[in-house]
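For reference, the structure is listed below as structure tokens.
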Amino acid sequence: MELDFGHFDERDKASRNMRGSRMNGLPSPTHSAHCSFYRTRTLQALSNEKKAKKVRFYRNGDRYFKGIVYAVSSDRFRSFDALLADLTRSLSDNINLPQGVRYIYTIDGSRKIGSMDELEEGESYVCSSDNFFKKVEYTKNVNPNWSVNVKTSANMKAPQSLASSNSAQARENKDFVRPKLVTIIRSGVKPRKAVRVLLNKKTAHSFEQVLTDITEAIKLETGVVKKLYTLDGKQVTCLHDFFGDDDVFIACGPEKFRYAQDDFSLDENECRVMKGNPSAAAGPKASPTPQKTSAKSPGPMRRSKSPADSGNDQDANGTSSSQLSTPKSKQSPISTPTSPGSLRKHKVDLYLPLSLDDSDSLGDSM
């Protein structure tokens with residue numbers, strides 16, 4: 001006699017399934033709400049990682065560059081070096097980035113960026129070739145509406161008021177600015193390097209900007225030019241001090257400057273042409289000037305024809321010999337202090353001590 005126990009197997013299978021669900025306390029992992037939440041969180045993190053960050057990059061020390069906007073993502077740049085290489089192709093020039101982009105700083109220079117994860121959405125950064133940040137108002141030439149997080153209504157009013165205040169301040173402060181050539185001498189052991197900087201309304205916008213230009217020109221071993229002194233030992237504190245009576249300034253870096261009288265005195269190498277220097281008084285360019293004046297002015301010609309000399313000149317070669325002998329015999333009235341030649345030499349003597357690098361070329365041109 002055979003009995004059918006199939007219904008007992010189905011009942012045991014159902015009880016085993018119920019027992020397993022009670023032991024876990026959760027339904028099957030494939031159908032649980034926890035698993036769906038985990039999958040959503042993973043996809044969200046993955047999308048955030050691949051989402052591009054919109055940032056702006058500037059050139060170090062370039063106050064006229066409006067910046068370039070980059071969409072930085074891990075898909076576009078596999079590494080931080082790849083980002084630096086791409087920025088080099090986009091921003092490199094011979095003036096501000098001569099060696100390409102090697103460093104990235106925050107907009108205030110307080111921190112150096114070392115990876116793409118440190119870049120933040122909507123922020124601005126400065127690219128540099130060397131490990132030296134130049135403080136410049138990079139964002140003043142940029143329209144702030146490029147960021148999606150900034151309201152447009154407030155930004156449309158702010159630039160107008162800022163532009164009007166800047167223009168009024170510029171008109172008020174630029175009255176004393178005039179074209180002037182100043183000499184900057186690097187502090188340190190003599191002989192010292194000196195450069196000449198032209199200041200006018202296009203180059204002298206502010207005191208900080210002039211210090212930046214002097215830093216680029218003088219190239220101190222200690223870095224940035226922090227202080228400037230006149231030859232009298234007075235510190236230059238504002239833009240107006242450049243347009244006073246002083247034309248020569250001593251540039252000092254971050255190091256502590258020790259006042260010494262020898263630091264404010266120019267040696268023989270730094271002042272090659274002085275008032276009592278005979279090489280400046282009788283240069284090779286002094287002879288053409290008397291010839292031109294003697295040929296055009298009839299006064300010296302009449303004085304040279306004395307009765308004794310005129311007879312000798314007529315016996316030898318006639319009138320032409322007296323004309324040729326006139327420049328040699330009449331150099332004394334031409335070198336008088338009131339003549340144009342002496343005034344021209346006097347200006348060179350006063351001006352050339354300020355030029356240390358190209359005094360010879362200026363003497364020839366003048």
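Think of each number as a place in line: the chain as shown, counted from 1.
Every residue gets a Cβ built from N, Cα and C, even glycine.
Taken from Swiss-Prot as is:
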- 357-366: compositional bias 'Acidic residues' (COMPBIAS)
- 53-139: domain 'Doublecortin 1' (DOMAIN)
- 180-263: domain 'Doublecortin 2' (DOMAIN)
- S28: phosphoserine (MOD_RES)
- Y70: phosphotyrosine (MOD_RES)
- S74: phosphoserine (MOD_RES)
- S110: phosphoserine (MOD_RES)
- S294: phosphoserine (MOD_RES)
- S297: phosphoserine (MOD_RES)
- S297: phosphoserine (MOD_RES)
- S332: phosphoserine (MOD_RES)
- S332: phosphoserine (MOD_RES)
- S339: phosphoserine (MOD_RES)
- S342: phosphoserine (MOD_RES)
- S355: phosphoserine (MOD_RES)
- S361: phosphoserine (MOD_RES)
Assigned element (helix, strand, coil) containing S110 (phosphoserine), judged by DSSP: coil
Summary of DSSP states over the domain 'Doublecortin 1' (53-139), given as helix, strand and coil counts: 17 helix, 23 strand, 47 coil
